[in-house]
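**Student:** This is the structure I want to talk about, given as structure tokens.
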Amino acid sequence: MNQRLSALVNGGFLSENEAHQLMHDMMSGSLTDAEVAASLSILAHRGETAEEMTGFVRAMRQKAEPAERSLDVVDTCGTGGDGLSTFNISTAAAIVASAAGAKIAKHGNRSVSSKSGSADVLECLGIHIQSTPEETRRQIQEKNMGFLFAPMYHSSMKQVAAVRKQLGFRTVFNLLGPLCHPMQAKKQIIGVYAKEKAKLMAEALAPLEPEHVLFVCGEDGLDELTITANSYVIELKKGDMTEYTLNPEDFGLAKGYLSDIQVQSPEESAKLIQNILNHQTEGAPLHITALNAGAALYVAGKSESLMAGTLKALETIKNGAAKEQLARLKQKTKEEEIYA
């Protein structure tokens, strides 16, 4: 039996280095499916420690395909798994934030359990998702936003894909994805489906010295800053960790209903996003997009506070800049036309 797995079976905890080696073994295909399943099951049952998570993240980052790491970018992504079937809020927020001057490197995938993954809705919006690393870098520099399609950068995940599908329950990989940005983005908005997992992820990321990251979790269970209730926030900024609760009404945003932001398909999500960016939709969809875009602008250093960022995001939508940015993102480059 694998030495690290043996420690888990016997009720032990792994050091950061041991966790790093276990994840390296998983990603390298040197464990049997049974050993992978046992490791994931034990961790899911007893819960991962922050030290173990840090080791896992280091290993996954090392196994990721090379990507540009010199750009000052922000990622807006989440763990998913909230089961609430909302439209792609973080994707809409990314477009608005990029229209307002933030450089966004959106890391995402197709849907696993939701109605619409970020890759799915971007395709419906007419935005190319399978760009090369070099093309993505150019998109970020020239258009303020590029998409990093997760399977293109985390090919070693195929070693555990079958086991994860067979297990059918959440595993540590649901938490690791947002922490393993291919560009190793130092600025992020990370949505988390549960408050205790947000704390775990923050404690795991802190030793890796991020510049400015917000972990957000709605009291309604949404893995975003929500508009239907208060949101729990953990802020990591240059080594300091603070926790607070955010009430959308403090930002002048009336609380809405989940039913106002739920969709049944990527096509429906894309239509709602277009309406938001065209400023043809008011209420909860507009407000939740602005709130999350405002957070991205705050983390990017384009606004001095969450409040200022939210107001800037609203103005970006109202003055037509967000609509123009969507049109710009749809324009194909020569390279994209060749591979289309």
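Glycine is treated like the rest: Cβ placed from N, Cα and C.
Under the heading anthranilate 1 binding site, Swiss-Prot lists GLY78, ASN109. Sequence annotations record features per position, and here Swiss-Prot assigns 5-phospho-alpha-D-ribose 1-diphosphate binding site to GLY78, 81-82, THR86, 88-91, 106-114, SER118 based on sequence analysis. Residues annotated as Mg(2+) 1 binding site in Swiss-Prot: SER90, GLU224. Annotated anthranilate 2 binding site per Swiss-Prot: ARG164, in sequence order, evidence recorded as sequence analysis. The Mg(2+) 2 binding site feature in Swiss-Prot is assigned to ASP223, GLU224; the stated evidence is sequence analysis.
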**Student:** Between SER90 (5-phospho-alpha-D-ribose 1-diphosphate binding site) and GLU224 (Mg(2+) 1 binding site), what is the CA-CA distance rounded to a whole number of Å?
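**Tutor:** That separation, Cα to Cα, works out to 7 Å.
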**Student:** Which one is it: of the binding-site residues GLY78, ASP223, GLU224, whose Cα lies the shortest distance from the Cα of HIS107 (5-phospho-alpha-D-ribose 1-diphosphate binding site)?
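**Tutor:** Looking at Cα distances from HIS107 (5-phospho-alpha-D-ribose 1-diphosphate binding site), the smallest one goes to GLY78.
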**Student:** Translate the DSSP assignment of SER90 (5-phospho-alpha-D-ribose 1-diphosphate binding site) into the three-state scheme.
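**Tutor:** SER90 (5-phospho-alpha-D-ribose 1-diphosphate binding site) sits in a helix per DSSP.
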**Student:** Could you give the Cα-Cα distance between ASP223 (Mg(2+) 2 binding site) and GLY78 (anthranilate 1 binding site), in whole Å?
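**Tutor:** Cα-Cα distance, ASP223 (Mg(2+) 2 binding site) to GLY78 (anthranilate 1 binding site): 6 Å.
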**Student:** Using all protein chains shown, find which of the binding-site residues THR86, SER90, ASN109 scores highest when you count other CB atoms within 10 A of its CB.
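**Tutor:** Counting every other Cβ within 10 Å of each candidate, the maximum falls on SER90.
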**Student:** Taking just the CA atoms, what is the gap between GLY78 (anthranilate 1 binding site) and ARG110 (5-phospho-alpha-D-ribose 1-diphosphate binding site) in Å?
**Tutor:** 13
**Student:** Non-local Cβ contacts of ARG110 (5-phospho-alpha-D-ribose 1-diphosphate binding site) (under 8 Å, 6 or more apart, same chain)?
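**Tutor:** Expected: GLY117, ALA119, ASP120.
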